[in-house]
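Before any comments, here is the structure.
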Amino acid sequence: MAFLIILITCFVIILATSQPCQTPDDFVAATSPGHIIIGGLFAIHEKMLSSEDSPRRPQIQECVGFEISVFLQTLAMIHSIEMINNSTLLPGVKLGYEIYDTCTEVTVAMAATLRFLSKFNCSRETVEFKCDYSSYMPRVKAVIGSGYSEITMAVSRMLNLQLMPQVGYESTAEILSDKIRFPSFLRTVPSDFHQIKAMAHLIQKSGWNWIGIITTDDDYGRLALNTFIIQAEANNVCIAFKEVLPAFLSDNTIEVRINRTLKKIILEAQVNVIVVFLRQFHVFDLFNKAIEMNINKMWIASDNWSTATKITTIPNVKKIGKVVGFAFRRGNISSFHSFLQNLHLLPSDSHKLLHEYAMHLSACAYVKDTDLSQCIFNHSQRTLAYKANKAIERNFVMRNDFLWDYAEPGLIHSIQLAVFALGYAIRDLCQARDCQNPNAFQPWELLGVLKNVTFTDGWNSFHFDAHGDLNTGYDVVLWKEINGHMTVTKMAEYDLQNDVFIIPDQETKNEFRNLKQIQSKCSKECSPGQMKKTTRSQHICCYECQNCPENHYTNQTDMPHCLLCNNKTHWAPVRSTMCFEKEVEYLNWNDSLAILLLILSLLGIIFVLVVGIIFTRNLNTPVVKSSGGLRVCYVILLCHFLNFASTSFFIGEPQDFTCKTRQTMFGVSFTLCISCILTKSLKILLAFSFDPKLQKFLKCLYRPILIIFTCTGIQVVICTLWLIFAAPTVEVNVSLPRVIILECEEGSILAFGTMLGYIAILAFICFIFAFKGKYENYNEAKFITFGMLIYFIAWITFIPIYATTFGKYVPAVEIIVILISNYGILYCTFIPKCYVIICKQEINTKSAFLKMIYSYSSHSVSSIALSPASLDSMSGNVTMTNPSSSGKSATWQKSKDLQAQAFAHICRENATSVSKTLPRKRMSSI
């Protein structure tokens, strides 16, 4: 019996193969009468059966390769129309339909379109040529379909002639949003632009940048490829290879092209992520071959095949790797499930598809559900109505769950929305018309209403945008093996408006994170602290990793360039992942060098106080009086005290006050000190000047108080102008790489140099006067000269050191110079006198000083007599003779008188003198 059934089935198939399309009605897949007819285009069969490479006669060939999933789409349209007819949406108006099989061929779809455009209620079924189709009444009012963009474009160009509404449910090519080219086309799915943008976002988010892409050789595939290239570049993703497969299975080269594509995938070992824009039958063949070649990759699925049960049920499909895809947003299609349960109730005479399906079920009656789809595909031919209704019912009852398993929820919902959109538009159009009359309106009128209609699926409201698209978004799906079967699970949603993935729960987040474990990169990932250095390759994704230089950082992987730290406040070492705050530095109080300098300054202050006490207690002694008196000594000691104290303003955190105070305090006090010493040098020069004219001039010049006030006043003016016009301020020095130096900016180098230069001029004058007054056995001038030399040596050394020193120790250099010059002058001015006061009290008496003066006078006169000399200060040259000779010249006598006058002047002025009677070793220190 079973053998007989199989024999009869084979006979029917052979008979059907030999029966081409004889009449237009044979061409219709399903039909139902109504007041308003809606056309439908579905690729129910995968290809046309032709014995020739190219047709020789213009006839429609037989179609083979029955597709269960598209058969279900056809049923979804029928079900949606029946839902409207059974509702109150169009009271008294029945929607009918004519559904045609495109066989996945443009030519077949265009043939069906010609029948749609044929004149209504005309027996000849002709398409009339007119200059104006405004009043032309075609066979149908609108068309739903086709599924593939390539076919939809061709059909739409024909429908544009009459502006007949065409609502796509699966055609996603971006070009279809162009209302200039396709003014009558609308669709209930988003444009591919959004899908491709979401894919590029997913790839970038997962850390992949080296991928492959496979498309079809048609308008849809080429447009998708071009758009993806643009989005990939925007997301820094590189395409390692691009493979293009023939668009139709009838192409004899498809198997060769698939093999070449798989070999390319094997060669590109670093490419582990492949984007696939193919039709279901392409993917079916591709994956079967990939399983044979043991290829395991991550596949990014487009909405064409991401939820296709035909592919998920391929044996050992798990061996291909992981699949993440994008599917149309799901809706409530529970009523469609009930419709499938009662599929046998449809009238069989007008649904040839049901007869063909019944035939395939009979041929595959003993095949398991898992293999049933492939069995039907292999045995599919154009069906003849030879089965009884009772047999059909029995088969449907046996396999109704099988159909539901192959339903793609997103596509079913899109078809429902397409029918509902037309239904609501017809309702709005028929409110003032009698739509039971087929001539109530023209297709172009329906198009105008359809563009602005708001419709619902029972749960949500929808409307078309300005491009005729329905931006419902996408579901992101992941293929997972559950109980040994590959199952399509929803992983996330993609929000078109905000370009974000909406992840519902933590488990899904973990699945997203797991995608990052798959590596698909041309180059190894650059770690934080490194940047990408592009190689000679044409792809920016192929690069080398280079360490970030100093003061640069990267805190993420694969950054294209290193970020610059703020050089003013931060720094970074080589290969740094972050910037570090610069340490603020200045000559701090706890710095070892600062402590040492402070100790030296404090010792200097103590020494000044000790000297002041010694001089105060020995106020009336000749040594103190010969130093110019207590007032002059106190002024000099006060200046030294201020100089030592001024060093404290060079230490610690700089402030505007300390910056202004330290230089002016030192400059004025040191100038006052030098001015006082200058008057002493001038007095010594006056005391030992024997030229009457010079002596007279020096007497006129010698005005101690005026000299001190004038010299100091000039310095005060210099410092005042300095503070007014260019005062020293705190400066944040950021030129060092790792530290910030807080320092005092002198404001004006010219003013600073003028202040120091003026002190140097006074010191030089003082040095000249002291050097000129440096007489034998009179050590005051010698010590002043030595003190000035110390000052000059210290400050001459200071200039190059100060100019080349950088950092927080610049103030320390100036402190050291101040201490050296201050100690030098203080030592030379007061140490010899303190030595006499403390250690040689026997010569610190008036009688001892007078004795030394007379002794020096006698010695000086003897020296003049014994040593021939020319006295240029006299009116003529006089030769000195021995004073013991019997005759003393007048000239010699005159010199003696002048010498006596000089020492008398010294006594009157309380000038110091060192006795000749002291031993040489003692005198040298006084």
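Note: Cβ is positioned from N, Cα and C throughout, glycine not excepted.
Annotation source Swiss-Prot lists signal peptide at 1-18.
Here Swiss-Prot flags N121 (among others) as N-linked glycosylation site, drawing on experimental evidence. In three-state terms derived from DSSP, N121 (N-linked glycosylation site) belongs to neither a helical nor a strand segment and is classed as coil.
In this structure, N259 (N-linked glycosylation site) is part of a helix by DSSP. The Cβ of N259 (N-linked glycosylation site) lies under 8 Å from the Cβ of K289, each on the same chain and at least six residues away in sequence. Taken from Swiss-Prot, the feature N-linked glycosylation site applies to N259 (among others), supported by experimental evidence.
Listed in sequence order, H413, D457, G458, W459 are the same-chain residues at least 6 apart in sequence whose CB falls under 8 Å from the CB of N332 (N-linked glycosylation site). Taken from Swiss-Prot, the feature N-linked glycosylation site applies to N332 (among others), supported by experimental evidence.
According to Swiss-Prot, the feature N-linked glycosylation site maps to N378 (among others), an assignment based on experimental evidence.
In sequence order, H463, F464 are the residues near N452 (N-linked glycosylation site), counting only same-chain partners six or more apart with C-beta under 8 A. The N-linked glycosylation site annotation in Swiss-Prot covers N452 (among others), and the record cites experimental evidence as its basis.
Residues or ranges marked as N-linked glycosylation site by Swiss-Prot on the basis of experimental evidence: N555 (among others). DSSP assigns N555 (N-linked glycosylation site) to coil, not to a helix or a strand.
N567 (N-linked glycosylation site) carries neither a helix nor a strand DSSP state and counts as coil. Every protein chain considered, the tally of other Cβ atoms within 10 Å of the Cβ of N567 (N-linked glycosylation site) stands at 14. The N-linked glycosylation site annotation in Swiss-Prot covers N567 (among others) and is backed by experimental evidence.
Summarising the environment of N590 (N-linked glycosylation site), the number of other Cβ atoms within 10 Å of its Cβ, over all protein chains shown, is 6. Under the heading N-linked glycosylation site, Swiss-Prot lists N590 (among others).
Taken from Swiss-Prot, the feature transmembrane segment applies to 595-615 (among others).
The annotation topological domain 'Cytoplasmic' is assigned in Swiss-Prot to 616-631 (among others) on the grounds of sequence analysis.
Here the transmembrane segment (632-652) has Cβ contacts under 8 Å with residues 586-589, 591, 594, 597-598, 601-602, 604-605, 608-609, 611-612, 615, 624, 658, 661-662, 665-666, 669-670, 672-673, 676-677, 679-680, 704, 708, 811-812, 814-815, 818-819, 822, 825-826, 829-830 of the same chain, all six or more residues outside its ends. Residues annotated as transmembrane segment in Swiss-Prot: 632-652 (among others).
For 670-690 (among others), the entry in Swiss-Prot reads transmembrane segment, with the evidence type sequence analysis.
Taken from Swiss-Prot, the feature topological domain 'Cytoplasmic' applies to 691-704 (among others), supported by sequence analysis. With helix defined as DSSP H, G or I and strand as E or B, the topological domain 'Cytoplasmic' (691-704) counts 11 helix, 0 strand, 3 coil.
Tertiary neighbourhood of the transmembrane segment (705-725): same-chain residues 635, 660, 663-664, 667-668, 671-672, 674-676, 678-679, 682, 747-748, 751-752, 754-755, 758-759, 762, selected by CB-CB distance under 8 Å and a gap of 6+ residues from either end. Per Swiss-Prot, the feature transmembrane segment maps to 705-725 (among others).
The N-linked glycosylation site feature in Swiss-Prot is assigned to N733 (among others); the stated evidence is sequence analysis. Annotation for N733 (N-linked glycosylation site): same-chain Cβ neighbours under 8 Å, separated by at least 6 residues, are I740, I741, L742, E743.
Count of Cβ pairs under 8 Å against the transmembrane segment (811-831): among 595-615, 749-769, 783-803, the largest is for 783-803. Neighbour counts were taken as the number of other C-beta atoms within 10 angstroms of each residue's C-beta; across the glycosylation sites N121, N555, the minimum falls on N121. Non-local neighbours of the transmembrane segment (749-769) in the same chain are 663, 667, 670-671, 674-675, 677-678, 681-682, 684-685, 711, 714-715, 718-719, 721-722, 725-726, 784-785, 788-789, 791-792, 795; each lies 6+ residues outside the stretch with a CB under 8 Å from one of its CB atoms. In three-state terms derived from DSSP, N452 (N-linked glycosylation site) belongs to neither a helical nor a strand segment and is classed as coil. When the topological domain 'Cytoplasmic' (616-631) is classified with DSSP, helix, strand and coil residues number 9 helix, 0 strand, 7 coil. According to DSSP, N733 (N-linked glycosylation site) sits within a strand segment.
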